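What follows is a single structure, written as structure tokens, with notes after it.
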Amino acid sequence: MEDYTKIEKIGEGTYGVVYKGRHKTTGQVVAMKKIRLESEEEGVPSTAIREISLLKELRHPNIVSLQDVLMQDSRLYLIFEFLSMDLKKYLDSIPPGQFMDSSLVKSYLYQILQGIVFCHSRRVLHRDLKPQNLLIDDKGTIKLADFGLARAFGIPIRVYTHEVVTLWYRSPEVLLGSARYSTPVDIWSIGTIFAELATKKPLFHGDSEIDQLFRIFRALGTPNNEVWPEVESLQDYKSTFPKWKPGSLASHVKNLDENGLDLLSKMLIYDPAKRISGKMALNHPYFNDLDSQIKKM
């Protein structure tokens, strides 16, 4: 830690306080995440250290790079590249009645998918994607932050400030207690973020797990074994769930064209095995008119 000075506290993440800092010799500005673990006495589990060390290998233009892992007084500090704005703050800053430019929505979605495909190809899941951990710079680049931390530390039910961790972007298989899940969980989250890029509003904003599920069911219909084989045998599926009929996504997401709605519907397919993959999503016609500079990134 002696290589870095803390400049100021910039926020509170899922796992602890985040500081803006500076490397003493290079002058490079960084984000320093202090990881607060449940069991302070035992120190940091070696499994977490191993997991985190692997994340230093994830180098991609759309992934916030982990530059250093430091220990101080049995506290773990993760040193990341610094970006000053997250997507939630950006969406909140757009004046009422105005929306993000449709070409920027497309560019951001494409970059998010590029980042996710890179990580999925290395068998790393995110599991907790949301606008707060998508960081942007002033050049139109968006990067995914906090990759792999869920596996290293678990996802707490509450942030250490006792704020409840958001469920709005969580996939139905996770909400229904599936023990085995994979890369499609991230695609679902990206789908809900895609809708929010277009409308500035969370697509499904539940305030409990059951409320979250019912908001999804009301929009997309209550799933059954016909549309999603074996869903009825998932741990938290109840035969007493109200049986809603599928509605139209277009009524929930007004600012997307036909191709955009088609891609969104493929990202929000109930059956994880049928949900579009990141790689397939990048080749969807929605991106046909995307600036070739972004495709080359």
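Placed from the backbone N, Cα and C atoms, the Cβ positions cover glycine too.
The ATP site recorded in Swiss-Prot includes Ile10, Gly11, Glu12, Gly13, Thr14, Tyr15, Gly16, Val17, Val18, and the single candidate from Lys24, Lys33 that the record places there is Lys33. Around Ile10 (ATP binding site), a 10 Å sphere centred on its CB holds 15 further CB atoms from the protein chains shown. The two recorded residues, Val18 (ATP binding site) and Thr222 (phosphothreonine), show a Cα separation of 39 Å. In space, Gly16 is the closest of the recorded positions Lys6, Lys9, Gly16, Lys139, Thr222 to Asp128 (active site, proton acceptor), judged by Cα positions. Counting every protein chain shown, 23 other Cβ atoms lie within 10 Å of the Cβ of Thr14 (ATP binding site).
Computed over the domain 'Protein kinase' (4-287), the whole-number mean pLDDT of the model equals 91. Of all the recorded positions listed here (Tyr19, Lys139, Thr141, Thr222), Tyr19 has the Cα closest to the Cα of Glu12 (ATP binding site).
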